[in-house]
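Peer 1: Before we start, here is the structure in question, set down as structure tokens.
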Amino acid sequence: MITADHSVIVPSDWRDFLALTKPRVMTLVVFTGLCGLLAAPGHIHPVIGAIVILCIAVGAGGAAALNQWYEAEIDAQMKRTAQRPIPAGRMDKTNARDFGIALSAGSVMVMGLAAGWLTAILLAVSIVYYAVVYTIWLKPRTPQNIVVGGGAGAFPPLIGWVAVTQDVTLMPIVLFAIIFMWTPPHFWALALFVKTDYAKVGIPMMPVVAGEASTRRQILAYAVLLAPFALAPWFLGGAGLIYAIVATVLSLAFIALSVPVGTRRSVEDDAMKPERRLFAFSILYLFVLFGALVADRLAAQMGWIA
Ligand code: HEM
Ligand SMILES: CC(C)=CCC/C(C)=C/CC/C(C)=C/COP(=O)(O)OP(=O)(O)O
């Protein structure tokens, strides 16, 4: 097929549609949603629970497709993103947009019918937050884009929890806050080693606008601030000792890995090892922390701990 600007589109296959949903990033989104659902007090029918998680995955995937539809031109100019289906010429932009809308609308509808409309509204808010508020409004405008926009990725555990309880209480808000505080160090560590790409396309990421030194200090500050949020489920009585121990160890490790990143003055040619290490650990951190929340809850239910 030849498009209006005379570029040739090779027909897409299912792999391209899957790539539009950013499946690797969404594994953690879905995992935190599942943990929110499993850690919530109360009971949900396993089939409904499975539908809830599927809706989070499909909704997040739809939002990611809309993000790539909107950002196709800038993705084409960045090495990291140039091979995505639209910039690589394997997907027509309109198809990507329609796919994103279908997944987003479909997931919200099914969520509403299966788990209630409060849960569906939260899913809809998170989709609009990522695809519109973050992608269209914040990302091209302010270096605080991911601080505010990161809120979108913080919704899944709240959604999973509310699907069970049908109520927004303090615990799911704390889970939201953990991911909210985690996102800046997660992303800025990466932005430090892919900075030149963002600068090229005029995205005002923190290292480009405020400079490396300031970004590094902020990474360390958020890593320290994250610790009390990570421990909050325990001191609020929503999690027990297993969680407290894991959260303490993870928080100390996260701060320890942020110190060399945050205090670094001259960056010798070492391939940004501390930054890469911190980015990789950020992902492990969230998997293990949310996993510990569920393990703690299961252990309490089994009577293994008080
Ligand atoms: C606005 C906030 C965020 C931004 C800007 C961001 C950005 C990124 C980027 C650019 C990557 C590199 C991989 C890629 O190019 O796809 C990445 C990786 C990743 N992100 Fe984030 N992220 C954000 C929030 C989150 C959230 C909330 C989660 C999940 C809770 C998450 C989970 C992951 C995972 C699991 C990876 C590794 C994917 C892989 O192995 O390739 N991110 N993130
Ligand atoms: C349920 C629901 C809707 C969840 C939303 C999940 C969410 C907001 C995840 C954020 C993670 C993500 C893909 C960031 C990429 O940022 P980017 O798009 O700026 O990165 P890019 O430069 O790779 O395009």
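Backbone N, Cα and C define each Cβ position, glycine as well.
So TrEMBL has the following annotated:
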{"type": "TRANSMEM", "residues": "25-44", "note": "transmembrane segment"}
{"type": "TRANSMEM", "residues": "50-70", "note": "transmembrane segment"}
{"type": "TRANSMEM", "residues": "99-115", "note": "transmembrane segment"}
{"type": "TRANSMEM", "residues": "121-138", "note": "transmembrane segment"}
{"type": "TRANSMEM", "residues": "145-164", "note": "transmembrane segment"}
{"type": "TRANSMEM", "residues": "170-194", "note": "transmembrane segment"}
{"type": "TRANSMEM", "residues": "219-236", "note": "transmembrane segment"}
{"type": "TRANSMEM", "residues": "242-262", "note": "transmembrane segment"}
{"type": "TRANSMEM", "residues": "278-295", "note": "transmembrane segment"}
Peer 1: Answer yes if the transmembrane segment (121-138) and the transmembrane segment (242-262) have at least three CB pairs under 8 Å among residue pairs 6 or more apart in sequence, and no otherwise.
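Peer 2: Answer no: the transmembrane segment (121-138) and the transmembrane segment (242-262) share fewer than 3 Cβ pairs below 8 Å.
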Peer 1: Given a Cβ distance threshold of under 8 angstroms, which distant residues of the chain, six or more beyond its ends, lie next to the transmembrane segment (50-70)?
Peer 2: 20-23, 25-26, 29-30, 33-34, 37, 44, 84-86, 93, 96-97, 99-108, 110-111, 114-115, 119, 123, 126-127, 130-131, 135-136, 152, 156, 159-160, 163
Peer 1: Have the transmembrane segment (170-194) and the transmembrane segment (219-236) got at least three CB pairs under 8 Å, pairs 6 or more apart in sequence?
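Peer 2: By the criterion, they touch.
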Peer 1: Against the transmembrane segment (242-262), which of these stretches has the most C-beta pairs under 8 Å: 25-44, 219-236, 278-295?
Peer 2: 219-236
Peer 1: What stretch, picked from 99-115, 219-236, 278-295, has the most CB pairs under 8 A with the transmembrane segment (25-44)?
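Peer 2: The stretch I would name here is 278-295.
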Peer 1: Going along the chain, which residues at least six beyond the ends of the transmembrane segment (278-295) come within the CB cut-off of under 8 Å?
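Peer 2: Hits for the transmembrane segment (278-295): 28, 31-32, 35-36, 38-39, 157, 175, 178-179, 182, 185-186, 189-190, 193, 219, 230, 233, 239, 242-243, 246-247, 250, 253-254, 257-258, 261.
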